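Swiss-Prot has this to say about the protein:
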type	residues	note
TOPO_DOM	1-162	topological domain 'Extracellular'
REGION	1-24	region 'Disordered'
REGION	78-111	region 'Disordered'
REGION	126-155	region 'Disordered'
COMPBIAS	133-151	compositional bias 'Acidic residues'
TRANSMEM	163-183	transmembrane segment
TOPO_DOM	184-205	topological domain 'Cytoplasmic'
TRANSMEM	206-226	transmembrane segment
TOPO_DOM	227-238	topological domain 'Extracellular'
Amino acid sequence: MESLSELQNPLLPRSPTHLHGPYPYPEASPAWPCREKIYSYLLGGAGPAHAHQLLDPGSLQLAVEAWYRPSCLLGRDKVKEPRPGSCETSFTEGREPPAGPTERSTEPGQAEEDVAIQTVSYGVQEEFQGQEGDPEEEESDATSTESESEDNFLTLPPRDHLGLTIFSMLCCFWPLGIAAFYFSQGTSKAISKGDFRLANTTSRRALFLATLSIAVGAGLYVAVVVALAAYMSQNGHS
């Protein structure tokens with residue numbers, strides 16, 4: 001069975017005798033030509049050419065390669081390693097928030113405003129219609145009352161004024177009374193036939209002649225009384 005160190009470090013060789021130091025990487029061979037130059041560069045060796053030399057960005061990689069072989073270097077993938085000074089920009093499709101709740105929340109207020117506007121417009125229209133309809137309603141009411149009165153007047157049978165005509169014929173000026181009595185009889189005949197227009201006409205004529213007969217008879221009676229009084233006064237003086 002394998003040991004615990006082999007299970008923890010499966011990539012390391014089984015004989016670590018050739019390893020040096022705490023790092024599990026093999027050392028470079030002493031015959032490597034760039035090692036002395038890297039030592040002098042990193043340790044600040046004296047040299048007139050090195051006094052004013054600028055820092056090379058690739059010196060760190062060379063220093064690491066000087067200590068360890070390039071084939072045994074283990075590190076992270078440069079492609080996948082995030083850089084501290086870099087920033088990633090990702091483009092995502094912006095989904096607009098559903099406008100359903102807001103629209104639903106605003107729909108009741110708009111419905112109330114519409115309802116209020118509609119009620120106001122209806123009220124104004126009703127007022128205008130009422131103002132415009134008042135004269136028309138009055139005219140229609142007047143015409144309807146007139147038509148109803150005419151209908152009632154036509155439906156009601158006219159009176160024949162029989163008693164008045166008899167009184168005018170016997171007690172007053174009898175020629176006019178006889179004419180009034182004649183129209184009174186014509187009114188009765190028209191009513192029996194159902195001709196209300198003719199009955200109405202004859203009734204008016206009978207009433208007019210009876211009234212005229214009474215007036216004329218009253219005048220005659222007054223004149224006769226005055227004449228008798230004058231005549232008797234003359235006889236008394238003589």
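Count begins at 1; order follows the chain as displayed.
Note: Cβ is positioned from N, Cα and C throughout, glycine not excepted.
Note that the structure is a prediction, hence the values are computed from the model and not measured.
Residues of the topological domain 'Cytoplasmic' (184-205) grouped by DSSP class, helix first, strand second and coil last, total 20 helix, 0 strand, 2 coil. For the topological domain 'Extracellular' (227-238), same-chain residues at least 6 beyond its ends with a Cβ under 8 Å from one of its own Cβ atoms do not exist.
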